[in-house]
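Could you have a look at this structure, given as structure tokens, before my questions?
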Amino acid sequence: MEGQRWLPLEANPEVTNQFLKQLGLHPNWQFVDVYGMDPELLSMVPRPVCAVLLLFPITEKYEVFRTEEEEKIKSQGQDVTPSVYFMKQTISNACGTIGLIHAIANNKNKMHFESGSTLKKFLEESASMSPDERARYLESYDAIPVTHETSAHEGQTEAPNIDEKVDLHFIALVHVDGHLYELDGRKPFPINHGETSDETLLEDAIEVCKKFMERDPDELRFNAIALSAA
């Protein structure tokens, strides 16, 4: 992806919550850490949960899987509800922001926005756009990149040089119309992972996260955060 490049966001609830606050989201939903994937640790996550963001490494194994998955879906097809808000990623390192947009856009009816919210405005103006049009609109939407840069510098680890190649990537896992969708701006379409509900979203999303980890057992760079009712 040549063209625009942003500083990467951390999978850090403090950073993501501050970012959403700057975008005009009322803190009635907040990101929290998912400390582990077994039932005992998942029980510590406040409920309800309306989205999970997974940060994972883009490895050779993953890229092989991604290509195979894409080809399989193209040949076999899949059901995707038109209610899913999905956008492509054309800006390098913007996957964290796009993950947040995917999480909020697909739960807009649960969110409270402050008056003049730049995120609400972006979602309203891009509602009828195609995934590619939304990507181009984000490139020209000045308010979000400025906020993103501020948040990238607020992380616990030092922000990398903007030209540095980053091999970590965010995806969002959300519940729309009874199904669990993986939303990844690097992919041509949402991935339907089967049935879910508001009550089981966290557990169902974590099952998908586990598959990412199983594909790369030598990798440790996985991190999940959940969007929970505050």
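Every residue gets a Cβ built from N, Cα and C, even glycine.
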For the record in Swiss-Prot, which of the ranges 8-13, 14-19, 56-61, 164-169 is the region 'Interaction with ubiquitin' one?
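Region 'Interaction with ubiquitin', as annotated by Swiss-Prot, spans 8-13.
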Looking at 27-32, 33-38, 219-224, which stretch does Swiss-Prot describe as region 'Interaction with ubiquitin'?
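Of 27-32, 33-38, 219-224, Swiss-Prot gives region 'Interaction with ubiquitin' for 219-224.
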If I take every residue in the domain 'UCH catalytic' (5-229) and average their pLDDT values, what number comes out?
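That stretch averages a pLDDT of 91.
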Around Q89 (site 'Transition state stabilizer'), how many other CB atoms lie within 10 A of its CB?
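Around the Cβ of Q89 (site 'Transition state stabilizer'), 21 other Cβ atoms lie within 10 Å.
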Cα within 10 Å of Q89 (site 'Transition state stabilizer'): which of the recorded positions C95, S130, H169 qualify?
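Correct set: C95.
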